[in-house]
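Following: one structure in structure tokens, then a few remarks.
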Amino acid sequence: MKKLILLFSLFLAPAFSYKENQKINQNFSSNNTSHKRLKRDWIWNRMHIREEIDSPLPHHVGKLTSSVGNKNAMYIIEGESANTIFKVQGYDGDIYAFERLDREKKAEYELTAHIIDRRNNRSLEPPSKFIIKVSDINDNAPIFVQKIFNGSVPEMSRLGTSVTKVTAEDADDPTVAGHATVTYQIIKGNEYFTVDDSGVISTARADLDRESQSAYEIIVKAKDALGLTGESSTATVIIRLTDINDNFPVFKHPSFHFRVPENISVGGEVGRVKVEDIDEPQHRNTKYSFVRGDYRDTFEIIANPFTNEGIIRPKKPLDFEKVAEYRFDIEATDHNVNPAYYKPGGSRSISTITIEVTDVDEPPVFTKLSYEFKVRENDPEIKTLGSVWAHDPDAAKRKIRFARRRASPNGDYVRVSDSGIIQLPKPLDREFSSLYNITVAAQEILEDGRLSDRESHAQVHVIVTDENDNAPELVYPEEPRVCENAAPGKVIIRISATDKDEISPGGFFTYSLTTEDSNFSLTENPDNTANITVKDGQFNRELAKIHYLPVIISDNGNPELSSTNTLVISVCKCNEKGDFTFCEERAKQVGVSVQALVAIFICIFTIIAVIALLILLRKRHKKDLSGLRRNVAEIHEQLVTYDEEGGGEMDTTSYDVSVLNSVRKNGIKPEVVPSAYAQVQKPPGNTTSGAGEMEMMIEVKKDEADNDRDLLPYDTLHIYGYEGAESIAESLSSLESGSSDSDIDYDFLNDWGPRFKMLAELYGSEPNEDFVY
């Protein structure tokens, strides 16, 4: 009866608390002049929920309330099954269970409630713990959950040390008066251990020695308040004595300091913290956790199972520019130490960790790992597509220079400036390539103007969109042939077309003939093809074995393009069934596209230009040679004659070189000699062998010079000194010319014109005064 009254008072306590708080709040509101701040308390109903409720989920458990008058207040819970089985409505405090509960598995849940400001997550009130109990009915006798229980106790434990707990399940709630209460009794081994009504087995002696007896087997009996027992109301408990683990790990130093570069890899080792544990190795099971400065999203502490050290590792990349130093506290504890062995100093050891992040020269960081640009093909106006951008993540904030590193086979048509601008040196052709890929590198510019060795990369993709710039071309699978006796309407061949441009879903080709006078007709098909059929028939191989049929193919692009293609149709002999029996094979002839014609014209123009260039160079070479030869002629422009007494003004007689050059103009020997020149008269025959050979040689050389188109006039005549054995005039020197007794007649020199005036005066008898000198 006392238990019933106690439980009833606990149930009513929150209600009285709620009324008392209302009264306090009313008093606070009525006293506007008071500046005293009243304490605000948590208020909620005691929460119970029955197991295996049949109604749909979720099930309402209770309501969290508080006297905080903040409209931005929000409730949150944590603890056992918080936010999994139990969830709270953040704004009104209603708690719901999202799973059907089973009291036989868990009878109660301990949770903690918080109330925070949802704007800044600041706590408005201290957290408070509460329990959600699962109730059931009393309809079963107690049954042990297992037939054999195992327990252990440290050796030499004091009297009453808890060893283990046995559990017998009963549908009744042992905490509620009036329901069946399970009690336990040891029927074997009660001289060493005792059991209480909750099923906890404790030591009955303080001198249990593991070395004397390492294990005990006892039998426990369970019954309810009515004394109901069943066949499964007894269980065996095996208790083993273990070595004592009565010491907690302790940090060797109150603080640890580590320095790591910011480019440390995720999962790399930052440092190790060491603890001391004087227990045996099998008792060392240190656990590390964060206490202050919660950086568990940045670092993790893993215990080394062999050395018991705590290894600190980063869980994500570090950034010196964002956080240069981390400071937090960690604790080391051993959850396996029995609470009965707690010693002064507590079960926790705390140490302060300082991690200093050092700066590392990092490569530039692109704003994106991949850039994509689209450009219309053959557009001469587009020179710049856009730009890529990267920045220096370090504190120096250096300038960045961009460069192209790698490119696809066609990527040379895309360039990158130092500032990251993507440029096109010339329009792109989608038919040549529809996609251009390049890799852009970013490097920092150092203070001395050099580029940093570290660089980062980004991909640039240039997509070329199509325009209608290619005319369709004719496609047919085989050589077209027609029988002489083909009937009108006979289909000769089905033709189709192809287009290098993209064909839109609504694209189509139009076929037509250039003339209606042929013996063929064209019919378009719905599938973008056309049939070539016989129009009138009555072909005659004797008249024409080959028919050339021009076909015009147009697309529906913008602008519309077309091409003329020629079908070469052979007329063949056929049998009565229409099978070909004899037909000359002809090479397929189709129209030449505009691109092919342009290529042909370019080749022809190139050949002509090369030939013209060669001719020009040859003429220039001749001009240079002629300049040199004129210099030689100018040197020999004067014929100088020396004799022993001096010739006076007659020693040098000038003559005009242009007169000599005019003898043969443009390489053609003039047929009419100017009046100023006398025709050369051959001297009469002379039996003297020396004079004849000299005359013949000079004449031959003169004729060769006159007929040589490649030599200039001043190269044609030379002074030859003939020293043959039978030469009569052995020398042209004036020392002998005057006293020569030769009977050779040199008067013919007067007939050779002014060019030979000096020779005529030296060797001739009478100069011709009619010559114009």
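Using the three backbone atoms N, Cα and C, a Cβ is placed for every residue, glycine included.
According to its DSSP assignment, Glu51 (Ca(2+) 2 binding site) is coil. Of all Cβ atoms in the shown protein chains, 17 besides its own fall within 10 Å of the Cβ of Glu51 (Ca(2+) 2 binding site). The annotation Ca(2+) 2 binding site is assigned in Swiss-Prot to Glu51, Glu104, Asp136, Ile137, Asp139, Asp172 on the grounds of experimental evidence.
The Ca(2+) 1 binding site annotation in Swiss-Prot covers Glu51, Glu52, Asp102, Glu104, Asp139 and is backed by experimental evidence. For Glu52 (Ca(2+) 1 binding site), the count of additional Cβ atoms within 10 Å of its Cβ stands at 11 [all protein chains shown].
According to Swiss-Prot, the domain 'Cadherin 2' annotation covers 145-251.
Taken from Swiss-Prot, the feature N-linked glycosylation site applies to Asn27 (among others), supported by sequence analysis.
What Swiss-Prot lists as N-linked glycosylation site is Asn31 (among others).
Feature annotation from Swiss-Prot assigns N-linked glycosylation site to Asn32 (among others); the stated evidence is sequence analysis.
Residues or ranges marked as N-linked glycosylation site by Swiss-Prot: Asn121 (among others). There are 10 other CB atoms within 10 A of the CB of Asn121 (N-linked glycosylation site), with all protein chains counted.
Taken from Swiss-Prot, the feature N-linked glycosylation site covers Asn150 (among others), and the record attributes it to sequence analysis. Its Cβ taken as reference, Asn150 (N-linked glycosylation site) is surrounded by 12 other Cβ atoms within 10 Å in the chains shown. Following the DSSP three-state reduction, the secondary structure of Asn150 (N-linked glycosylation site) is strand.
DSSP assigns Asn263 (N-linked glycosylation site) to coil in the three-state reduction, placing it in neither a helix nor a strand. Per Swiss-Prot, N-linked glycosylation site is recorded for Asn263 (among others).
Under the heading N-linked glycosylation site, Swiss-Prot lists Asn437 (among others). Cβ contacts within 10 Å of Asn437 (N-linked glycosylation site), excluding its own Cβ and spanning all protein chains shown: 16.
Under the heading N-linked glycosylation site, Swiss-Prot lists Asn519 (among others), citing sequence analysis as support. With a 10 A radius on its CB, Asn519 (N-linked glycosylation site) counts 18 other CB atoms from all the protein chains.
Under the heading N-linked glycosylation site, Swiss-Prot lists Asn531 (among others). DSSP assigns Asn531 (N-linked glycosylation site) to a strand. Using a 10 Å radius centred on the Cβ of Asn531 (N-linked glycosylation site) and all shown protein chains, the other Cβ atoms total 16.
For 41-595, the entry in Swiss-Prot reads topological domain 'Extracellular'.
Counting residues 6+ beyond its ends, the transmembrane segment (596-617) has no Cβ neighbours under 8 Å in the same chain. According to Swiss-Prot, the feature transmembrane segment maps to 596-617, an assignment based on sequence analysis.
Residue pair Asn531 (N-linked glycosylation site) / Asn121 (N-linked glycosylation site) shows a Cα separation of 79 Å.
Comparing Cα positions, Asn263 (N-linked glycosylation site) lies closest to Asn437 out of the recorded positions Glu104, Asn150, Asn437, Asn519. Put simply, Asn437 (N-linked glycosylation site) is 65 Å from Glu51 (Ca(2+) 2 binding site) when counted between their Cα atoms. DSSP classifies Asp102 (Ca(2+) 1 binding site) as coil under the three-state reduction. Of all the binding-site residues listed here (Asp102, Glu104), the one with the fewest other CB atoms within 10 A of its own CB is Asp102. Neighbours of Asn263 (N-linked glycosylation site), defined as other CB atoms within 10 A of its CB across all chains, total 16. Of all the recorded positions in the record (Glu52, Asn121, Asn150, Asn519), the one with the smallest CA separation from Glu104 (Ca(2+) 2 binding site) is Glu52. Helix, strand and coil content of the domain 'Cadherin 2' (145-251), in residues and according to DSSP, is 0 helix, 46 strand, 61 coil. The CA atom of Glu52 (Ca(2+) 1 binding site) is located 94 Å away from the CA atom of Asn519 (N-linked glycosylation site).
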